[in-house]
Amino acid sequence: MQLAELVQTSDVVARTAGRLEKIARLADALRGLAPEERLAGASWLAGELRQGRIGLGPAAVRAALEATAPADAPALAVREVDASLDRLAAARGAGSGRERAALLAALLARASADERDFLARLVLGELRQGALEGVLVEAVARAAAVPAGEVRRAVMMAGALPPVAEAALAEGAAGLSRFRLRLLEPVQPMLAQPAAGVDEALAALGEAALEWKLDGARVQVHKDGGEVRVFSRALRDVTPAVPEVVEAVRRLPASSLVLDGEAIALRGDGAPEPFQVTMRRFGRKLDVAGLREGVPLSVLFFDALHTAGEDLIARPASERHLALAAAVPDALRVPRLVTSDGAAAAAFLEGALARGHEGLLAKSLTAPYEAGRRGASWLKVKRAHTLDLVVLAAEWGSGRREGFLSNLHLGARDPEGGGFVMLGKTFKGMTDAMLAWQTERFRALALGSTDGYVVHLRPELVVEVAFDGLQESSRYPGGLALRFARVKRYREDKRPEEADTIATVRALHARQVAAERGT
C-alpha cells in the first residue's frame, strides 16, 4: 500500500462525524494492507509509531521540515516508510540526535506536502484523527470478519491494538484466540468510574464489595515458580524498583499467581504518605537501596487474575476474591466489606477516610475482570469530586506565578469524536515546585513557539483535578465547565487514553442536577 492511501484515510476519518462512516473507512484501509504492512499501518491509524518514541521533539521535526521541500507527487510505500522509521529508532550513542534528524529529513524530502504533515504529526504523537481505540476495534472486527467483542478481549490481553489487528487480519478468530493471559506478561488494569457517594454506588450495584481506595501506585504482580515480576499501571516492568513487593510475593506458597493491587508508602502509624512520596520509588534512575530505607513500600492486593495454574479473568469477582483469600494472607489484602446496607457502607467509608485514604471502591460481585475497561462494575467514591483530565494548553502567569506556565487548559477525552473537550482552566493548588516542574515539562511539549501568552501543548499529561461541581457553560464546546477547580497532582502513571471521558463528566452533571432538584 502507498502511504498516500493511509494519509487520505486519516484525513477523511478526521473530518467525518459519524462513527459508522469512520469504521467503514478504517476497515477498508485495514483490508488493503499487505501482510508485512499490517502492524505498522494499524499503528499509524491508531496515531502511534510501531517503534514507540524515537527521540525527536518539535524543534527537530520543524528543522527537518524547513530544511527540505515537498516532493511533487506522493510516491512513498508503507513498507519503506516503516523501514526508515526502524533506522531512526535504532540510532544510538554519540551523534544519534543528528543522525535521527538527518534520517527524518531524508524521509520528508521524498514525501508530498500531505504526507509530510502526516509523518510530522505521527512522529510527534499529535496525529489526532478521530480514530480512537473503540472505533478501531470495530474497524478491525469488520475488516477481519470477527466479533468486535473478541477483538476487544484480545486487546485487553495484549495491552495494545496493533498486534491484535495484525493477527485478526491474518488469521481471523484463530489469531485472536492466541491472546490470553500469560504469566510474566502484563494485561491492562481494570478501571473504575466515579460515583457521587456510597448510596449511589449501592443503588447501582446492589450488594457489593467495598474496598478502601488507597492512594498508592497500582501494581500487577506475576509469579511463575521462583520468578516474580512487577508491572506498573502503564505496563512498565518496575521489578528492580520494588524489592519489597517481589519478596512478599515470592514468599507466598502458590507456584503461579497474577495479582492486582497497590504499592504504597505507609508511615509508622499506618497512615499513607502523600502520593508523591510513594511515586519516588518509581523513577527511571533510582538508588533502590537508599530509597527502600527512606521510603519503604507495603503492598496490598485486591484481585487475583490467576492462581495455582488457573486463569480467573472471566470468573465473577466473588470467586476471584475467594481465590485471592486462599492465596494471600489478610495482612497483604486491602480491607473489604460486602454489604448492601447504606449505613454500614458509610461507616466503612468514614473508617477509610479517618486513616488517611482516598475513599472507597464499590465492586460488583458478579462482574468478570474487564481488563483495560472503565466500566460500571467498579465505582470509586471519594469525599471531593475529582476527574483525571488532560492538559491542552497553559498560560504564562503573573505575580507569584510570573515566569511560570501556570493557568492550565483542561480537557476530557472524547472517544466518539476523537481528541479532547475543554472544560475549563485553573492555576489553583500548585506549589512552587510544581510550577517549576510543569513549566520545564510544558516547554518540551509545546506545539510551536512558547513566546505567546497561551502555549498549546501535545496532549500527553494527565492531571487529577478536584472541583466543587459542574455548571452549564456556552464558553466551552462540551457545554459544561468545572466550578472552583484546583490541581491535586499530576498522574504520570496514566496515559491520555486513560483520562476521564466527556460522557463521564456529563453523567456527573446529570446526577448533580438530580440531587439539587431532589429527584
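The backbone N, Cα and C atoms fix where each Cβ goes, glycine too.
Straight from Swiss-Prot, the features:
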type	residues	note
ACT_SITE	Lys213	active site, N6-AMP-lysine intermediate
BINDING	Glu211, Arg218, Arg233, Glu262, Phe302, Arg374, Lys380	ATP binding site
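Positions of the features from Swiss-Prot, shown on the structure.
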{"residue": "Glu211", "record": "ATP binding site", "Cβ contacts under 8 Å, 6 or more apart": "Phe302, Val334, Pro335, Arg336, Leu337, Leu360, Leu361, Lys363"}
{"residue": "Lys213", "record": "active site, N6-AMP-lysine intermediate", "Cβ contacts under 8 Å, 6 or more apart": "Ala352, His357, Glu358, Gly359, Leu360, Leu361, Lys380, Val381, Lys382"}
{"residue": "Arg218", "record": "ATP binding site", "Cβ contacts under 8 Å, 6 or more apart": "Pro189, Ser232, Arg233, Asp260, Gly261, Glu262, Asp493"}
{"residue": "Arg374", "record": "ATP binding site", "Cβ contacts under 8 Å, 6 or more apart": "Leu191, Ala192, Gln193, Glu498, Thr501, Thr504"}
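Between the two most distant C-alpha atoms of the annotated ATP binders (Glu211, Arg218, Arg233, Glu262, Phe302, Arg374, Lys380) there are 19 Å. When other Cβ atoms within 10 Å of the Cβ of Glu262 (ATP binding site) are tallied across all protein chains shown, the result is 22.
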